[in-house]
């Protein structure tokens, strides 16, 4: 009886672990992406181990600053499974974020990953908002060497309020965490969300909605 209870508890624990993991667990040393495969799986198919080379685990140029000459004044350089094939099934990735003075990494979410961010240069005002119904805002001013965590799936942002460039490095708990920029998704979708819906959702008139959509 005790043994059956143990097996039940073990099975439940494994089920819970699988349900909370961002990415599938690794079942071998590595599973380098086979870019030539036409198979469609949740993730990417593996290439033959004999065909794997050191370059499959390598990325260069992260020391180079991103181009921040855009409306937001920021640039993200991702290093995920799209850049390093060897990250497939590893459950991690990272990104470099550059910020011009008063540059913003606008409110966005990562649907498949928690983010941990550290400031390498400059200072940032960062924050995230909890889910409904509280929608509580947590904010912090970060200086060089400071670290902040953005929980998976919550809206968050970073703003360089200083007069000098800032640089941050972010680690994420998924090989492909995804990103949804709130304003782009709501006002720049293809096809567009109708004026009636957006006007009612944001409690503004249709002219205001049209003006905002024109920016995207």
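Glycine is no exception: its Cβ is also placed from the backbone N, Cα and C atoms.
What TrEMBL says about a protein is an automatic prediction, not a curated fact.
Among the features that TrEMBL reports, oxalate binding site is placed at 105, 110, 115.
Within the same chain, the residues at least 6 positions away from residue 115 (oxalate binding site) whose Cβ sits under 8 Å from its Cβ are 149, 150, 156, 170, 171, 172, 173, 177, listed in sequence order. Annotated Mn(2+) binding site per TrEMBL: 108, 110, 115, 156, in sequence order.
Close to residue 46 (disulfide bond) in the fold, though at least 6 residues off in sequence, lie 28, 31, 32, 33, 34, 88, each with a CB less than 8 Å from its CB. The disulfide bond annotation in TrEMBL covers 31-46.
In the predicted structure, the domain 'Cupin type-1' (60-210) carries a mean pLDDT of 96. Taken from TrEMBL, the feature domain 'Cupin type-1' applies to 60-210.
According to TrEMBL, the signal peptide annotation covers 1-22.
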**Asked** Hey, for the Mn(2+) site built from 108, 110, 115, 156, who else sits with CB inside 8 A of the CB center?
**Response** 109, 113, 128, 150, 154, 155, 177, 179
**Request:** Using the centroid of the Cβ atoms of 105, 110, 115 as reference, list every other same-chain residue with Cβ within 8 Å of it (recorded oxalate site), in sequence order.
**Result:** 95, 108, 109, 117, 150, 156, 170, 172, 177, 179
**Complete:** If you tally other C-beta atoms within 10 angstroms for each of the binding-site residues 108, 110, 156, the top scorer is 110
**Fill in**
Cβ density check for residue 31 (disulfide bond), other Cβ within 10 Å (all protein chains) comes to 23
